[in-house]
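Encoded as structure tokens, the structure appears first; notes follow it.
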Amino acid sequence: MIIILIFLIIPNIVLSIDYWVSFNKTIILDSNITNDNNDINGVSWNFLNNSLNTLATCGKAGNFCECSNYSTSLYNIAHNCSLTIFPHNDVFGTPYQVVWNQIINYTIKLLTPVTPPNITYNCTNFLITCKKNNGTNTIIYFNINDTNVKYTNESILEYNWNNSNFNNFTATCIINNTINSSNDTQTIDCINTLLSSYLDFFQVASYMFYMIIFIATGIIASIFISIITFLSLRKRKKHVEEIESPSPSESNEEEQCQHDDTTSIHEPSPREPLLPKPYSRYQYNTPIYYMRPLTQPLNPSPLPKLCPPPKPCPPPKPCPPPKPCPPPKPCPSSESCSPPESYSLPKPLPNIPLLPNIPPLSTQNISLIHVDRII
């Protein structure tokens, strides 16, 4: 297929033509010389390979074109001086030129088959894009509901549709060349797409809402537990301080007892520890003993069990015979003895009077009361 880009109207204007041909095909380049042209001298075919080289020199006489100095294995020149190029590897990308009363430049390009295009659309901008994948010398046609609305020979076709007229429609992109044709069809449905985007947004928002509720609940629960712990520790501390510190009445009793006779025995307070206080109320848990007169009678002790009868004693062993006494020693000569010392009686002990209300210690029932310290 020959595509003429610039038509020759005025003489001596260069005409450029892109010639698309598939691989291993014979190429025919038209000289644009007709039978109306009379004898023409100086027709030449040239090719450009880093420099302009002459391929053949021809002359036309009547309906016959005669040329010389060209390779018949690669080229052939017809009666109207058109050039036929047989398939070979160096033909693509090589410019050819025919010169006579006018100049025509040919560019040989390889024609390749097309593959299905890609269709994409954007519901925000209402834009449809049709893009070519493979193929040369192609034309792209775009149809909406089997009606052609646009075409181009570029690689990308873009179309903005009217949202008021089209909401749910079928878009078809067709791409073809002289070798083959291919197409792709998409259903454009922006209503469902917008709804799905809204649903996705609401789903994400719900996830965020539940996450915020979960975090806020955890923070509130932590604050509530901290307050309860603080109040319980404060109450416990106050309770321990009340136990360790005596009441005002007990303090008065202790002061009154201090003014009494030091020999008197006073009743200890139930909260008065007889052991020294620990350095810290959390240091250790030590039982504290208090002495208090027993107000209730003691439980009667059970009767002792009867002892078994004594076992009979074995008969006594016979005594050995007595040893003879030694003879008495002679008494020393008597000396005058000193008169014995007179004996003085010991001094009587002082009589310490006891308080009339307090019986002697021997008559008091004293019990030990076990009190655990509360921590």
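Just so it is clear, glycine is given a Cβ too, placed from its N, Cα and C backbone atoms.
The following features are taken from Swiss-Prot:
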| type | residues | note |
| --- | --- | --- |
| COMPBIAS | 256-270 | compositional bias 'Basic and acidic residues' |
| CARBOHYD | ASN24 | N-linked glycosylation site |
| CARBOHYD | ASN80 | N-linked glycosylation site |
| CARBOHYD | ASN105 | N-linked glycosylation site |
| CARBOHYD | ASN122 | N-linked glycosylation site |
| CARBOHYD | ASN134 | N-linked glycosylation site |
| CARBOHYD | ASN145 | N-linked glycosylation site |
| CARBOHYD | ASN168 | N-linked glycosylation site |
| CARBOHYD | ASN176 | N-linked glycosylation site |
| CARBOHYD | ASN183 | N-linked glycosylation site |
| REGION | 242-278 | region 'Disordered' |
| REGION | 323-350 | region 'Disordered' |
| REPEAT | 305-310 | repeat '1' |
| REPEAT | 311-316 | repeat '2' |
| REPEAT | 317-322 | repeat '3' |
| REPEAT | 323-328 | repeat '4' |
| REPEAT | 329-334 | repeat '5' |
| SIGNAL | 1-16 | signal peptide |
| TOPO_DOM | 17-207 | topological domain 'Extracellular' |
| TOPO_DOM | 229-375 | topological domain 'Cytoplasmic' |
| TRANSMEM | 208-228 | transmembrane segment |
**Prompt:** Taking ASN24, ASN134, ASN176 as the glycosylation sites to compare, which has the smallest set of other Cβ atoms within 10 Å?
**Reply:** ASN24
**Message:** Under DSSP, is ASN80 (N-linked glycosylation site) part of a helix or a strand, or is it coil?
**Reply:** coil
**Cα-nearest neighbour of ASN80 (N-linked glycosylation site) within the listed glycosylation sites, ASN105, ASN145, ASN168, ASN176, ASN183** = ASN105
**Counts by DSSP class (helix H/G/I, strand E/B, coil) across the repeat '4' (323-328)** = 0 helix, 0 strand, 6 coil
**Asked** Between ASN24 (N-linked glycosylation site) and ASN145 (N-linked glycosylation site), what C-alpha distance do you get in Å?
**Response** 40
**Request:** For ASN105 (N-linked glycosylation site), identify the closest of the glycosylation sites ASN145, ASN168, ASN176, judging by Cα separation.
**Result:** ASN176
**Request:** Round to a whole number and give the Cα-to-Cα distance in Å for the pair ASN145 (N-linked glycosylation site) and ASN168 (N-linked glycosylation site).
**Result:** 10
**Fill in**
Most Cβ neighbours within 10 Å, among the glycosylation sites ASN145, ASN168, ASN183, goes to ASN183
**From glycosylation sites ASN122, ASN168, ASN176, the one whose Cα lies nearest ASN183 (N-linked glycosylation site)** = ASN176
**Request:** Average the per-residue pLDDT over the repeat '2' (311-316) and send me the rounded value.
**Result:** 82
**Asked** Going by C-alpha distance, which of the glycosylation sites ASN122, ASN168, ASN176 is nearest to ASN134 (N-linked glycosylation site)?
**Response** ASN176
**Asked** Could you state the CA-to-CA distance between ASN176 (N-linked glycosylation site) and ASN168 (N-linked glycosylation site) to the nearest Å?
**Response** 27
**Asked** How many Å separate the Cα atoms of ASN168 (N-linked glycosylation site) and ASN122 (N-linked glycosylation site)?
**Response** 13
**Prompt:** Counting every protein chain present, what is the number of Cβ atoms, excluding its own, within 10 Å of the Cβ of ASN80 (N-linked glycosylation site)?
**Reply:** 16
**Item:** Counts by DSSP class (helix H/G/I, strand E/B, coil) across the repeat '3' (317-322)
**Value:** 0 helix, 0 strand, 6 coil
